[in-house]
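Annotation source TrEMBL lists transmembrane segment at 39-59, 133-154, 175-203, 223-244, 251-271, 318-338.
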Amino acid sequence: MSAMTEQPTTAPQPAAAAHRGSLFRAELHRFRARRFVQVLLGLAVLGWLGAVVIGLLNFGEPTEADFADARQQMEEILASERAWYAECAAEAERAGELAEQMCGPGIDASTWRVEDFVQTAPFDFAATADAGAMAFAAAAAVLLFLIGATWIGAEWSHRTIVALLFWVPNRVRVMATKIGVLALAAVAIGLAAQLAWLLMAWILRTFVGDGQELPDGFWGDLLAVQGRGVLLVVLISLIGFGLANLVRNTGAALGVGFVYFAIVENALRIYDPMLERWLISTNAAALVAPDGVRVVDYSVMTTGPEGPPSYLVTNLQGALVVGAAAAVIVGIGVWLFARRDLH
């Protein structure tokens with residue numbers, strides 16, 4: 001008679017481990033299904049279509065009449081500049097100063113081009129590529145600030161964040177998943193915004209472009225600007241998320257953002273112009289700009305050729321300052337969420 005050998009049963013996995021990926025999938029589905037997010041993205045597409053139409057209507061080959069008007073305007077401005085310089089040079093002579101020191105270099109008419117005064121001109125992709133990438137990055141950053149704020153703000157308003165904890169009690173994991181979904185969406189939308197700029201530029205260059213060849217190294221420089229633009233979109237989305245998580249309300253988070261950017265930053269600029277190099281808006285622009293942003297201290301007025309002192313806010317500083325702001329705001333919100341009473 002043989003004895004039956006019982007196979008040991010495998011211990012059931014904890015629910016959290018069994019559904020390790022289900023929370024992320026659920027949050028991703030909820031993000032895609034949010035009506036407000038869909039409306040914002042739809043408005044962004046309509047805005048892009050409007051920008052393309054405006055570009056097609058405003059760019060084009062100038063006519064002879066356009067060149068004649070531009071030449072007349074250039075001559076009028078050049079005559080005015082020469083008259084001003086002659087008057088300034090006379091004052092410098094009476095004061096015993098050199099005209100170059102008091103008035104700057106003389107007027108060099110050879111550097112003036114009629115093309116710069118033409119109101120209707122063909123689309124120049126090489127000249128506008130960086131500016132367009134920065135503009136689309138800024139628009140996407142504003143869009144993701146709104147999405148990030150409403151992504152968690154709506155959870156607090158409807159108390160669904162509390163109900164979610166009955167399914168996944170680990171608060172840090174819940175918040176980390178929401179942040180991960182938002183960051184992933186920010187990367188996708190940031191990339192889509194930069195692709196939208198390239199598509200718009202291709203349309204304008206095809207139909208109303210100047211037909212000029214792009215310079216060497218053009219695409220490398222442009223892609224670097226666009227990559228930093230995507231990084232900016234991610235960081236700004238996290239700032240919007242963090243503010244709404246701190247105040248538990250979307251409207252309050254938007255109000256805090258408005259007060260900071262419209263009032264606090266301007267007040268700091270008035271108090272000390274050199275504080276501008278540490279402001280979020282300045283560092284956000286410096287993060288994306290090809291050569292950073294130069295902050296000029298106009299409180300120190302000089303008449304020398306060097307002008308007032310200035311400070312260069314580099315791409316690296318911009319990334320560190322904006323990244324630090326996002327990390328602090330999000331970090332405090334997550335810490336409070338993990339510890340405070342939610343009822």
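Glycine too: its Cβ is placed from the backbone N, Cα and C atoms.
Any TrEMBL annotation is an automated prediction that lacks curation.
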At a C-beta cut-off of under 8 Å, are there same-chain residues at least 6 beyond the transmembrane segment (175-203) that contact it? List them, or none. 23-24, 27-28, 31, 41, 44, 48, 51-52, 55-56, 123, 125, 128-129, 132-133, 135-137, 139-140, 143-144, 147-148, 151-152, 155, 226, 229-234, 237-238, 241, 245, 330, 333-334, 337-338
Long-range environment of the transmembrane segment (133-154) - Cβ separation under 8 angstroms, sequence gap at least 6: 31, 34, 36-37, 40-41, 44, 47, 160-161, 178, 182, 185-186, 189-190, 193-194, 196-197, 222, 225-226, 228-230, 232-234, 236-241, 243-245, 248-251, 253-254, 257, 284-285, 288-289
